[in-house]
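The feature signal peptide is assigned by Swiss-Prot to 1-30. If you look up Swiss-Prot, you'll see 31-219 marked as domain 'GH11'. Under the heading active site, nucleophile, Swiss-Prot lists Glu115, citing sequence analysis as support. Annotation source Swiss-Prot lists region 'Disordered' at 126-157. Marked as active site, proton donor by Swiss-Prot: Glu206.
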Amino acid sequence: MVSFTSIITAAVAATGALAAPATDVSLVARQNTPNGEGTHNGCFWSWWSDGGARATYTNGAGGSYSVSWGSGGNLVGGKGWNPGTARTITYSGTYNYNGNSYLAVYGWTRNPLVEYYVVENFGTYDPSSQSQNKGTVTSDGSSYKIAQSTRTNQPSIDGTRTFQQYWSVRQNKRSSGSVNMKTHFDAWASKGMNLGQHYYQIVATEGYFSTGNAQITVNCP
């Protein structure tokens with residue numbers, strides 16, 4: 001999902017400029033939910049779709065959200081925090097997919113500019129398969145593959161930039177559990193994969209020319 005990642009992150013980054021942030025406003029599910037980000041029930045949320053698929057995103061009570069999509073485009077959305085930290089994140093729910101998709105803790109840092117994923121579940125594409133293998137880390141009942149890649153002149157939260165992409169990809173897939181982000185951050189740092197000042201950090205559902213649906217609850221705020 002190499003091209004998918006860069007396309008999505010650019011669009012998510014752009015939402016702050018393209019759409020006024022919403023505060024404590026529930027999105028109404030429709031054929032294509034408008035792009036946006038903001039806070040809802042104290043949780044940060046972000047949603048973006050390229051409009052190529054029938055896709056809906058709905059903020060629910062507390063840290064819950066739901067998303068459903070049809071084939072034909074790119075989309076990503078979820079709830080969490082802004083800024084991110086080395087917190088332990090607990091999430092639960094259902095995640096159904098047919099094709100290329102992720103369920104992941106997803107975030108960005110600046111100085112250095114880094115896009116990161118802790119992938120908990122994925123569809124037909126393992127994102128670590130086309131990145132530099134950096135070993136493994138065991139956390140929360142599973143081994144995770146660690147990988148790193150360089151995105152050259154790609155869209156980012158700060159416009160078109162060259163930046164690093166960090167991955168931890170869980171081998172025992174799941175759709176509910178706890179993620180100790182400190183374990184992953186420490187493992188990355190031990191391999192020279194350093195982070196900077198945190199921007200947002202969400203439990204995200206992504207789809208790329210696939211179909212699926214998810215109902216996820218995150219332990220935010």
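Cβ coordinates are placed from backbone N, Cα and C, and glycine is handled just like the others.
Keep in mind it's a predicted model, so treat the numbers as computed, not measured.
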Sparsest Cβ surroundings (other CB atoms within 10 Å) among the active-site residues Glu115, Glu206: Glu115
Rounded inter-Cα distance in Å - Glu115 (active site, nucleophile), Glu206 (active site, proton donor): 15
Segment-level pLDDT (mean, integer) for the domain 'GH11' (31-219): 95
